[in-house]
Amino acid sequence: MSGKNVTDMVLADAAGIARAARILESGGLVAVPTETVYGLAARADSAEAVAKIYAAKGRPDFNPLIVHVRDAVQAKRYADFSPEAIALAEAHWPGPLTLVVPRRAEAGLAQAVTAGLPTIALRAPAHPVMRALLAAVDFPLAAPSANRSGFISPTSAAHVLASLDGRIDLVLDGGITTAGVESTIVAVRADGSIEELRPGPLQIGTRGNAKQIEAPGQLASHYAPGKPVRLNADRAEADEFLIGFGTVGGDCTLSASGDVTEAAARLYACLHEAARAPKPRIAVAPVPEDGVGRAINDRLKRAAA
Ligand code: AMP
Ligand code: MG
């Protein structure tokens, strides 16, 4: 990036977190690191603040947001938790698991957060900066990924500014995120069945029939780098930027040792680099479906769509 940014970026130390908390209290937007990607946070109990998220991202209003909470105690104010949902929260929170559960109508959250659905997506994140922020305010935080809608998710503060500079109030710089891909989303149904809506860093055993994905944000085209993407490439054509994996070495390599966890952490950084590169097309080496590899391939398919 060259020149001065319009949006302030501050270190995510105690002073930075205190400043972020004041901005959120007054209804502003703050980008904040989580263990998955950087989120664009606003107070979830304010319709005006939540509307600013949709406007800053250019996000379609039918695409609901994940509400971030400190823990299951806070989450239960906003949703009805079945025994199955409680068990999942106890096993995986704080962590990269989002639970879609029946919304409590009297919860006092902005309607736009759930895009009119009878359910709500809730997550207690593990990242120390997001946790400190949630502890500093007395409302939950609606937070989608901190990027313009449809484009590559941010895994660094610089990625956030490249996409949203001048459209948000503050970026808390907490370094590079570690999980790299967005949270696993599962819906917990009234009959106790668990359905995966989005693959992510955590693998959850699901029961019940996997029907058509209903998460409105699971659009076919997403994470778009702005140029054609060719998947399962063993080598690059002359005009392609190659994203490598394992034995396929690339211009940017997800993991030379073939480690899917490392690859997930580097996925969006490589896509950002490929988007900026002079080559007009992108090729990506095959990534196995093991573990978080499923989430990587899900995001790559959408980037290529
Ligand atoms: P993002 O915040 O960009 O990671 O996107 C949030 C994801 O959660 C999107 O795919 C949404 O469609 C999904 N989501 C949020 N709330 C719900 C809900 N109540 N039911 C189903 N999916 C949801
Ligand atoms: Mg997103």
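Note that Cβ sites are derived from N, Cα and C of the backbone, with glycine treated the same way.
Automatic, uncurated: that is what TrEMBL annotation is.
The feature domain 'YrdC-like' is assigned by TrEMBL to 14-202.
Residues or ranges marked as L-threonine binding site by TrEMBL: Thr36, His68, Arg123, Ala143, Ser183. Its Cβ taken as reference, Ser183 (L-threonine binding site) is surrounded by 26 other Cβ atoms within 10 Å in the chains shown. Ser183 (L-threonine binding site) falls outside any helix or strand according to DSSP and counts as coil.
DSSP assigns Thr119 (ATP binding site) to a strand segment in the three-state reduction. Note on Thr119 (ATP binding site): other Cβ atoms within 10 Å of its Cβ, all shown chains, come to 18. According to TrEMBL, the ATP binding site annotation covers Arg59, Asn63, Thr119, Ser145, Ser153, Arg198, Tyr223.
In the vicinity of ligand 2, defined as a Cβ distance under 6 Å, the following of the binding-site residues Arg59, His68, Ser145, Arg198, Tyr223 are placed: Ser145.
The 6 Å Cβ screen around ligand 1 retains Thr119, Ser145 from the binding-site residues Thr119, Ala143, Ser145, Ser183, ordered by sequence position. Listed in sequence order, Val37, Tyr38, Gly39, Leu40, Ser153, Pro154, Glu182 are the same-chain residues at least 6 apart in sequence whose CB falls under 8 Å from the CB of Ser145 (ATP binding site). Tyr223 (ATP binding site) sits 15 Å from Ser183 (L-threonine binding site), counting Cα to Cα.
In terms of C-alpha distance, the listed binding-site residues His68, Arg123, Ala143, Ser183 place Ser183 closest to Arg198 (ATP binding site).
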